[in-house]
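Enquirer: Handing you this structure, nothing more for now.
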Amino acid sequence: MSPYALSMLMSSLAVGTIVTLSSHHWFLAWMGLEINTLAIIPLMTKMHHPRATESATKYFLTQATASALILFSTTINAWMTGEWTIMNMTNPTPTVILTLALAIKLGIAPFHLWLPDVLQGLNMLTCLILSTWQKLAPMALMMLTSHQLNTNLLIAMALMSTIIGGWGGLNQTQMRKIMAYSSIAHLGWMILVISFAPSLALLNLLIYLVLTSSMFLMLMTLNSTNTNKLSISWLKTPTLAASMMVTLMALGGLPPTSGFLPKWLILQEMTKQHLGALSALMAMSALLSLFFYIRLSYTISMTSPPNISNSSLTWRKKKNLTYVIPILITMSATMMPITPTLLLLN
């Protein structure tokens, strides 16, 4: 792809998200979402492969349906209230339609089926953009309207997302599908707490962005798209493979990594809301995700491919590591000490 076309598309992605984040009018927010969708589709199809075309088609149809539902719900709300303001969603019917539309946009269960298939047909860089940057605008709209959304509907979708996100990743060998199910599970934790404490949902989103970005950048550096290729990463770059194990443990939510911080605070908030049974179900569903993260760590560290060479050392291609990866890995592992500060702010 031409650098000029790539720069224009990336600029359009940034503009679409910024327009949605800074808007108070529903029509302007909808325009930002449409700019976002139309900007990423050429990035999806730049590989000129049938799988990439299939992924772009599925993504376009899904996002177009969600955008139509958003416009439909906001039009009904404007007809009932006489206002297009984002913060004024008082009627239950457009609010439920809006919740479902944003769930389709984000890939939250039971509207998650498009996400693993779409990610599987794309390259790692586009998967990174789709899993991180494309979540910002719909999640911002959900946070802005969080005090008016149907709490029972959000809790049901959150529990379903964490269970399906953990269950679906158990039998996968493709890293892109594993990361897709990981995204579904993390989004479940975010929407669980969004109507009770939006600040905790924002914290979970930020930590999810750090962990997912570091994971995709490491997979891009190691050129690992499945578990078989991941098993030889220890021979190529041992330091990066060890760092990937830490990031996987953070994605699973094990202490003392950064991934444990939002799960701990969310379960604490749920307990304060007298939702003990729901907290126990969420904690047990997190074990499903933790299992396949531990399985990936085992694949990286404890397995070695058959070696037909007599040499004890392997050829290692020099990797041009950027400074972004060490920063993200450090943030993935060392954000637990800021917990007292966050509790004071909350």
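Just so it is clear, glycine is given a Cβ too, placed from its N, Cα and C backbone atoms.
Feature list, courtesy of TrEMBL:
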| type | residues | note |
| --- | --- | --- |
| DOMAIN | 23-288 | domain 'NADH:quinone oxidoreductase/Mrp antiporter transmembrane' |
| DOMAIN | 290-342 | domain 'NADH dehydrogenase subunit 2 C-terminal' |
| TRANSMEM | 26-44 | transmembrane segment |
| TRANSMEM | 56-76 | transmembrane segment |
| TRANSMEM | 96-115 | transmembrane segment |
| TRANSMEM | 153-171 | transmembrane segment |
| TRANSMEM | 234-254 | transmembrane segment |
| TRANSMEM | 274-294 | transmembrane segment |
| TRANSMEM | 321-345 | transmembrane segment |
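Please situate the listed features within the shown structure.
Expert: Counting residues 6+ beyond its ends, the transmembrane segment (56-76) has Cβ neighbours under 8 Å at 26-27, 30, 33-34, 37, 40-41, 44-45, 84, 91, 93-95, 97-98, 100-102, 104-105, 114, 117-118, 130 in the same chain.
Within its own chain, the transmembrane segment (274-294) has Cβ neighbours under 8 Å at 155, 158-159, 162-163, 165-167, 169-170, 172, 178, 181-182, 185, 189, 192, 248-249, 251-254, 263, 266-267, counting only residues six or more beyond its boundaries.
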Enquirer: Where does the mean pLDDT land for the domain 'NADH dehydrogenase subunit 2 C-terminal' (290-342)?
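Expert: Mean pLDDT across the domain 'NADH dehydrogenase subunit 2 C-terminal' (290-342) comes out at 72.
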